[in-house]
């Protein structure tokens, strides 16, 4: 803790002065009266070492002290001044809030290395060591920082690696700068702002993304272990397709390959690829089954249509063959119809004629007997009676004619 520190300021690199000139310039600046406070301010606390800086009693009364950087690029100061500067910078950092916590550790270390460097030159004057009270306070602060960083490191180790790294959560001030500041703090300088900062460091928890993503990966691994294996044993050989064989072989290959992979991120990527590929194959299988069913229905419909078409052709041929028969039957029907009508008419005529004869006979029986007289009106009746006589005469003539021919031949 007794080592010397040096602050580097941007000055004119061409100007060169001796160390004695620098020290005399610095003593004149210290003895000068108070000036308006510039941007670069060193706030000296009450616990600073009085022997390291002349006129300590006068400086305690002054609230601020001006400081003009020398022309030389570096200047040597006591460790007490450096501690006071660190205390003021830490109080400013607490007022800034989250902006100082989001800094990258590499950037903080680089800025710390540029602003604060250990001086390797020979000391010009002796410095008194820091009191034991400041050492004890520094140890307490270190212990608090270590206790705040312990659970964070354990939580980071316990969280499994996600496929895509989540956003980096807001980190507190880097350990190196914190140790440097806390080593110089005293019990009086430990403000409520620093205490609240330490409490917030203890209460920091990993972001929600880090807590949710490992659970999702865990469920994926559990789901992959309890996944459904595509089985071909219960199917008939005619129902098994190329996609069924590909899917079963793909699942077996996936399980064998997954047992050989140890990386969690690789397992998650393999699981995603497997589930997407399996879903695509199952979708293709369902579409193939639907296509097969539609083809079977289509073939059945086509077969029924062919049967009906063949039957239609047969009926047309039969109709063509039976058409002349239909015409013949139609003519026969017409003839029979005419005969039926003629028979009805003849029957009606005969019935009327019979009735007439009956009436005539009845009249003759009732009337007086006398010679019959025939006139022209009775000609039809005479012809009807002579019909039998004329028929016998014609019959005798035919017999006579035939006998004459036979005699001529003899």
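Placed from the backbone N, Cα and C atoms, the Cβ positions cover glycine too.
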Residues flagged as motif 'Nuclear localization signal' in Swiss-Prot, choosing from 241-258, 259-276, 277-294, 295-312: 295-312
4-21, 40-57 - the range that Swiss-Prot marks as motif 'Nuclear localization signal': 4-21
Phosphoserine per Swiss-Prot (candidates: 106, 153, 196, 238): 106
